[in-house]
Amino acid sequence: MTAPRTLYDKIFDDHLVDRQDDGTCLLYIDRHLVHEVTSPQAFEGLRMAGRAVRHPEKTLAVVDHNVPTSPDRKFGIKNEESRIQVEALAKNAVDFGIEYYNEADRRQGIVHIVGPEQGFTLPGMTIVCGDSHTSTHGAFGALAHGIGTSEVEHVLATQTLIQRKAKNMLVQVDGKLPDGVTAKDIILAIIGEIGTAGGTGHVIEYAGEAIRSLSMEGRMTVCNMSIEGGARAGMIAPDETTYAYIKDRPRAPKGAAWEMARAYWETLHTDEGAHFDRVVKLDAANLPPIVTWGSSPEDVVSVTGYVPNADEIQDETKRLSKKRALEYMGLTAGTKITDIALDRVFIGSCTNGRIEDLRAAAKIAEGRKVHPRINAMIVPGSGLVKAQAEAEGLDKIFIEAGFDWREPGCSMCLAMNDDRLKPGERCASTSNRNFEGRQGFKGRTHLVSPAMAAAAAIAGHFVDIREWK
């Protein structure tokens, strides 16, 4: 009888090709997602070595990081470096026989939104991409994580990846989420609890009543930010919610293949008594809407709280780090979070650019107007999300309220396209990183949920969404 295994153990074992005496492992990779930023050198390496892509049918290429999101993007990309990267991906996709969604394809969008939409992401799979937020796909009970450019080339050439097995970590979130508290607040609370290095060397499995109650889109939000907690990957065991989301997707199994796949998926759960190297527990009932105040995702505080006093931190290194964060963010200790005035609001990204996120924001925006000082933008995560939102009339709600309705792409999550903050601008953002300069040189980022961002756009400052009338 085999020892009890975790979900991570099972998927890792099922894909193990070889294990060396020193613990180095070779894993088979089921799915490889590719975008324009981390792939050019990888494809050039294949070309120079005279190699083909081993399994083009297991590879999907999408442009997302560099593409403009303005309505006039059909006229081309102005930035030369961005244009070259996008053109290179188009050429490489043709040369190597890979399916490719360009900016004119309605299926185009952020790679981590497109994969699940197409049924390319399935439970029990190993999934990689040259992007740290590949952990998003772990919401389906997949082992998904980012890889570097040299590893991108290795996977393209061999459909395998050299790895060492990570440790197991369980994050148990029990209880019922209060009204106004979302999946984004769950993951920000987790990162606030464990810190940005808390998951280092581990794969996190998220479990508990609050996690099970989330939709697939909420689960993707949680898994998306596993890397911000330092983890190699994050995952949630599949269940009926998972199967309902996947069924009838374009790339999902059909007929008898579906039944066979589902039978396997139902084995993908952690066995009773399986060992976790670390266990963290949170009570969802006690979670508030959360806002980040500093320049790290671990710098979290309740919307009803105050900017902390760095001088009260005992550890000298951490104290100096938080003092720098306060200086960079232009904040004074003791300031009420709801007194922080904003300049910009960004709703989108692979964390919160899905249809449920837009619905949540539209519910707040309907019948209201964006504050005169605020420049607010809504960027759907894919062309299909945009089409669905427009079919539901969400675009009209946003436009009438004064939001800018954009085309799909990574947009202001990172300063690699035309959407970026100016120095000193302060933004409420539904993205995943608030590092210095992440959204633009000297830009100041506060991470929040879509509903919190929409309310901030209207009020001009942060508000407690639980008291929103």
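Counting starts with 1 at the first residue shown.
Note: Cβ is positioned from N, Cα and C throughout, glycine not excepted.
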Practice item. Out of Cys223, Cys350, which one does Swiss-Prot list together with Cys410, Cys413 for [4Fe-4S] cluster? Key: Cys350
Exercise for review: Tally every other Cβ atom lying within 10 Å of the Cβ atom of Cys410 ([4Fe-4S] cluster binding site).
Suggested key: 30
Check your understanding: Can you list, in sequence order, the residues of the same chain other than Cys350, Cys410, Cys413 whose CB lies within 8 Å of the CB centroid of the [4Fe-4S] cluster site?
Key -> Asp64, His65, Ile110, His112, His133, Gly348, Ser349, Thr351, Gly353, Gly381, Gly409, Ser411, Leu414, Ser431, Asn432
